[in-house]
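The disulfide bond annotation in TrEMBL covers Cys25-Cys105. According to TrEMBL, the region 'Disordered' annotation covers 62-82. The feature signal peptide is assigned by TrEMBL to 1-19.
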Amino acid sequence: MVQATPFLLVLFLALGAHGLAVKKCSLTGRWVNDLGSNMTITSVNANGVFAGSYYTAVSAHSTATNESPPQGSHQKGPNQKNQPTFGFTVNWSFSDSITVFTGQCFVDDDGKEVLKTMWLLRSRVENIKNDWKATRVGTNVFTRLQSQE
Ligand code: BTN
């Protein structure tokens, strides 16, 4: 037992140091996705609620795209570790549509933060008969805009 103590101490310190070295993924900042859309998350409050701006590079309905506000939150409970799950809604300012995104903030093997998301884009249709074609689904991967690093 006496001989094992220094070994256990070294192991404990090594594991502790490793834990400290794990990079946290933070949603705050400027992001670009695989479609070329830009999102800035400006404020995240103590409850994990955030807001910012979103410029989509594409649209299903309009050629003109303006800034639209994303509103969402990320996990902030006792279970939340370094790579939080999150969700946000974009209420498009130039169309009748709404998109909801859900995803997770990861740190990849190169230490780069990446947001892996899935979305549902709900378009407005004239009547209930057209409801079947009103929702699109897809994925987006966001990486931090280089200029900010
Ligand atoms: C619209 O077409 O009415 C609003 C714009 C929708 C843009 C979609 S949302 C999902 C996907 N990801 C983006 O960054 N843009 C498209």
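Here the Cβ of each residue, glycine as well, is placed from N, Cα and C on the backbone.
Because TrEMBL annotations are produced automatically, they should be read as predictions rather than curated entries.
Long-range Cβ contacts of Cys25 (disulfide bond) within its own chain (separation 6+, distance under 8 Å): Asn82, Gln83, Pro84, Cys105, Phe106, Val107, Glu113. Across the region 'Disordered' (62-82), DSSP assigns 0 helix, 6 strand, 15 coil. In this view, Cys105 (disulfide bond) is surrounded by 21 other Cβ atoms within 10 Å of its Cβ, with every protein chain counted.
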